[in-house]
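One structure is given below, encoded as structure tokens.
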Amino acid sequence: MASLFSDFGFIWYWKELNKIEFMYFKELLIHEILQMGLKQISWTEVKEASREDLAILLVKHCDGNQAWDTTFRVFQMIGRNVITNRATGEIAAHSTIYRAHLKEKLTHDCSRKFNISIQNFFQDEYDHLENLLVPNGTENNPKMVVLQGVAGIGKTILLKNLMIVWSEGLVFQNKFSYIFYFCCHDVKQLQTASLADLISREWPSPSAPMEEILSQPEKLLFIIDSLEGMEWNVTQQDSQLCYNCMEKQPVNVLLSSLLRKKILPESSLLISTSCETFKDLKDWIEYTNVRTITGFKENNINMCFHSLFQDRNIAQEAFSLIRENEQLFTVCQAPVVCYMVATCLKNEIESGKDPVSICRRTTSLYTTHILNLFIPHNAQNPSNNSEDLLDNLCFLAVEGMWTDISVFNEEALRRNGIMDSDIPTLLDIGILEQSRESENSYIFLHPSVQEFCAAMFYLLHSEMDHSCQGVYFIETFLFTFLNKIKKQWVFLGCFFFGLLHETEQEKLEAFFGYHLSKELRRQLFLWLELLLDTLHPDVKKINTMKFFYCLFEMEEEVFVQSAMNCREQIDVVVKGYSDFIVAAYCLSHGSALTDFSISAQNVLNEELGQRGKLLILWHQICSVFLRNKDIKTLRIEDTIFNEPVFKIFYSYLKNSSCILKTLVAYNVSFLCDKRLFLELIQSYNLEELYLRGTFLSHSDVEMLCDILNQAECNIRILDLANCSLCEHSWDYLSDVLRQNKSLRYLNISYNNLKDEGLKALCRALTLPNSALHSLSLEACQLTGACCKDLASTFTRYKCLRRINLAKNSLGFSGLFVLCKAMKDQTCTLYELKLRMADFDSDSQEFLLSEMERNKILSIENGV
């Protein structure tokens with residue numbers, strides 16, 4: 001901070017004082033600091049200080065705001081109001097000039113994307129961000145607010161419109177004198193820069209008044225957009241960061257320094273990023289608030305359509321087409337895509353074509369819209385130049401997808417066949433737009449448009465046709481997409497599958513004037529068959545919902561059925577209504593499953609407006625039990641069941657021919673009676689039952705133990721970890737240990753077993769008819785008092801082989817008892833698992849010595 005203010009600010013005005021005035025200023029400054037109760041500065045230091053040294057002293061002893069307030073008051077005391085008035089006026093004048101420039105530039109940018117005003121669409125977000133960034137009451141700490149959301153959802157559009165309304169004085173009144181916007185995709189092209197350099201790039205004239213801009217850092221808001229576009233070193237030490245606004249650094253180091261409050265810590269920050277990147281960085285930055293951006297709401301989408309269509313009835317008809325198609329409605333939550341979709345439908349309707357057909361799938365609408373962009377107005381077919389231009393654009397797009405580039409310079413365009421003379425055309429039709437940071441750099445209208453063009457490349461060409469060695473062949477492309485290796489690839493694989501549909505193939509053939517290879521679909525199936533084989537080492541890495549969305553976009557019944565029948569194991573995680581539609585469609589085409597996992601989270605309870613439709617889809621999903629008769633393993637995870645939802649599930653499973661061997665219900669909540677669920681357990685010849693994280697009441701445990709005590713029960717593995725078992729549960733489980741002849745593994749970790757509960761279990765374990773081999777008691781609130789009872793099972797019970805006691809407070813006394821029992825010649829235990837961090841230093845030393853003599857001990861070193 002000291003070096004910061006020595007470069008600008010105070011010095012700028014002190015230079016107007018002569019030697020006598022400057023000394024008088026120093027005397028009054030010392031007095032004013034004393035009067036204000038600020039941190040004192042030695043008069044000797046002040047007296048001898050130059051203007052630069054005094055700036056350093058001031059900043060060292062006061063924060064930026066206090067230093068400026070004090071300085072301005074002293075200027076007034078010595079009768080130099082002219083200086084303070086001019087400084088205030090110049091600050092206001094520069095800010096006014098900057099606001100006008102920003103408004104003009106951003107309004108122009110938005111008008112190229114939208115022919116309608118969308119500024120008012122975000123009013124709720126403006127209000128919310130103002131509440132987050134403007135301190136309440138006397139609070140004066142700078143804020144760091146994070147906006148997270150999926151790529152392309154509209155975070156950048158929101159931020160740019162926020163800057164427009166700020167430039168008009170509608171938000172942050174008197175809070176921020178300047179707002180500066182840095183996009184990571186853009187600025188990463190600079191090898192090195194200082195913060196002053198980045199600010200100067202935003203200024204309307206070549207010379208920015210840097211001293212004045214940085215003189216009040218608490219009145220600065222820095223917007224850092226698209227953190228996912230930059231490489232961040234989260235292990236970087238403070239000593240490797242930058243502390244001076246004028247110091248040139250690699251851009252990622254510079255922005256890291258800003259994010260970590262090493263430069264201008266008094267300033268506020270507004271950051272946008274993808275959810276995945278925020279998850280990686282959230283422990284690295286000290287943010288004050290997080291807001292998830294979900295894009296346009298239904299009323300915003302409706303407003304967009306009605307703003308574009310002159311006829312209200314046609315507007316409503318077009319909107320209804322989108323509202324009835326959940327996938328198109330979902331992509332319309334991204335403002336740019338919403339406008340693109342509405343424009344496409346408008347053009348189709350005005351051309352006398354049926355808009356329904358292009359709403360078949362998302363790919364269908366994108367194909368129609370993007371091909372139409374390259375067909376001249378009133379023409380039936382594209383020109384040869386248009387064909388070449390779109391083809392070259394596909395080369396550019398796929399290179400960017402593989403090299404993680406979304407901002408392209410003119411060299412990249414020329415390398416892919418796009419000449420300087422082509423650029424105005426691409427800008428005019430709206431498929432490219434100029435980068436905000438550089439007049440000679442360009443981006444696609446939306447990330448999904450780049451993905452679509454990249455997918456089209458693989459329909460038109462082989463990777464061998466591309467000069468970039470980083471563009472890989474189609475198998476690697478699809479493997480990368482299905483395994484989510486590149487998180488920014490959202491639609492790429494889906495568009496590729498969608499373009500294989502016969503209708504889309506016909507559109508491409510009509511546009512480019514030649515037939516596409518029919519071999520591609522057959523080759524794709526052979527590759528999927530290989531990848532989806534249960535013996536393939538990467539089969540479990542495939543993201544099921546990505547795979548499902550690809551098949552859904554393709555909508556080829558025979559192909560989808562064949563692809564689904566390649567999979568014996570499927571793990572479905574549905575997070576919304578759209579996921580339910582896609583999952584129901586795909587699951588209705590398969591009959592080869594042996595292992596099925598479903599996570600519905602709380603969607604079936606939250607989506608109130610779609611409750612009826614969701615239940616229909618839930619019927620379709622649950623019918624998987626009727627079509628797949630060989631399901632042996634069923635997993636339900638992170639799901640909330642209400643009564644109608646569970647009854648549907650119960651009915652299909654009960655009436656199926658499945659012979660379940662393994663049933664998993666991890667973290668499942670029942671908003672209904674669990675009696676039917678427990679009946680399911682009884683209905684099957686189960687061998688493994690996992691109920692981890694699922695709440696079990698006293699009566700639930702009683703019913704479960706009654707089932708376990710039946711002679712025909714074959715359950716070998718029982719996992720009741722973190723089930724909130726109460727003190728009465730241990731007597732029921734003790735009976736199970738006495739009577740059940742099949743149970744080999746019992747996990748009751750993360751329950752309040754305590755010493756008394758364990759005593760009851762130990763009494764059962766010492767009986768000769770107990771069959772248990774392994775017992776996990778991790779984090780059961782056990783103390784050394786239980787160890788005598790537990791040690792007795794080592795010698796008196798001949799079946800018990802493994803015990804896990806990690807995360808309990810056994811102490812030295814308990815440890816000593818256990819180790820002594822393990823030395824007994826009659827001990828049949830194979831493994832006793834403890835955790836080093838649970839013991840004090842003396843106990844740890846004892847434990848290490850015991851480990852050398854006793855191989856039964858297994859020690860965890862983790863925390």
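Backbone N, Cα and C atoms are what each Cβ position is placed from, and that goes for glycine too.
Its Cβ taken as reference, Gly152 (ATP binding site) is surrounded by 25 other Cβ atoms within 10 Å in the chains shown. Per Swiss-Prot, ATP binding site is recorded for Gly149, Val150, Ala151, Gly152, Ile153, Gly154, Lys155, Thr156, and the stated evidence type is sequence analysis.
The domain 'Pyrin' annotation in Swiss-Prot covers 1-93.
Mean pLDDT for the domain 'NACHT' (143-466) in this predicted model: 90. The domain 'NACHT' feature in Swiss-Prot is assigned to 143-466; the stated evidence is sequence analysis.
The repeat 'LRR 1' annotation in Swiss-Prot covers 618-643. Residues of the repeat 'LRR 1' (618-643) grouped by DSSP class, helix first, strand second and coil last, total 10 helix, 9 strand, 7 coil.
Annotation comment: Swiss-Prot describes 683-706 as repeat 'LRR 2'.
The repeat 'LRR 3' annotation in Swiss-Prot covers 717-740. Here the repeat 'LRR 3' (717-740) has long-range neighbours at 687-698, 701-702, 704-705, 708-709, 746-754, 756-758, 760-761, 763-765, 767, 769-772, 776, 778, meaning same-chain residues at least 6 beyond its ends whose C-beta is under 8 angstroms from one of its own.
Marked as repeat 'LRR 4' by Swiss-Prot: 741-763. Across the repeat 'LRR 4' (741-763), DSSP assigns 10 helix, 3 strand, 10 coil.
Annotation source Swiss-Prot lists repeat 'LRR 5' at 765-782. Note on the repeat 'LRR 5' (765-782): residues 721, 737-755, 757-758, 792-793, 796-797, 799-810 of its chain, located 6 or more positions outside it, place their CB under 8 angstroms from a CB of the stretch.
Per Swiss-Prot, the feature repeat 'LRR 6' maps to 797-824. Using DSSP to sort the residues of the repeat 'LRR 6' (797-824) gives these counts of helix, strand and coil: 12 helix, 4 strand, 12 coil.
Mapped onto DSSP helix, strand and coil, the repeat 'LRR 7' (843-863) counts 11 helix, 4 strand, 6 coil. The repeat 'LRR 7' annotation in Swiss-Prot covers 843-863.
Across the repeat 'LRR 5' (765-782), DSSP classifies residues as 1 helix, 3 strand, 14 coil.
Annotation for Ala151 (ATP binding site): same-chain Cβ neighbours under 8 Å, separated by at least 6 residues, are Glu228, Ser274, Pro447, Gln488, Val490.
For Gly154 (ATP binding site), the same-chain residues lying six or more positions away in sequence with a CB closer than 8 A to its CB are Ile293, Gly295, Phe296, Gln333, Ala334, Pro335, Val336. Residue counts for the repeat 'LRR 3' (717-740) under DSSP (helix as H, G, I; strand as E, B; rest coil) come to 11 helix, 3 strand, 10 coil. Residue counts for the repeat 'LRR 2' (683-706) under DSSP (helix as H, G, I; strand as E, B; rest coil) come to 10 helix, 3 strand, 11 coil. A Cβ distance under 8 Å defines the sequence-distant neighbours of the repeat 'LRR 1' (618-643), meaning residues of its chain 6+ beyond its ends; these are 571-572, 580, 583-584, 587-588, 590-602, 604-605, 649, 651-653, 655-673. For the recorded ATP site, residues Gly149, Val150, Ala151, Gly152, Ile153, Gly154, Lys155, Thr156 set the reference point as the centre of their Cβ atoms, and the other residues of that chain within 8 Å of it by Cβ are Ser272, Ser274, Ile293, Gly295, Ala334.
Around the Cβ of Gly149 (ATP binding site), the number of neighbouring Cβ atoms within 10 Å comes to 21.
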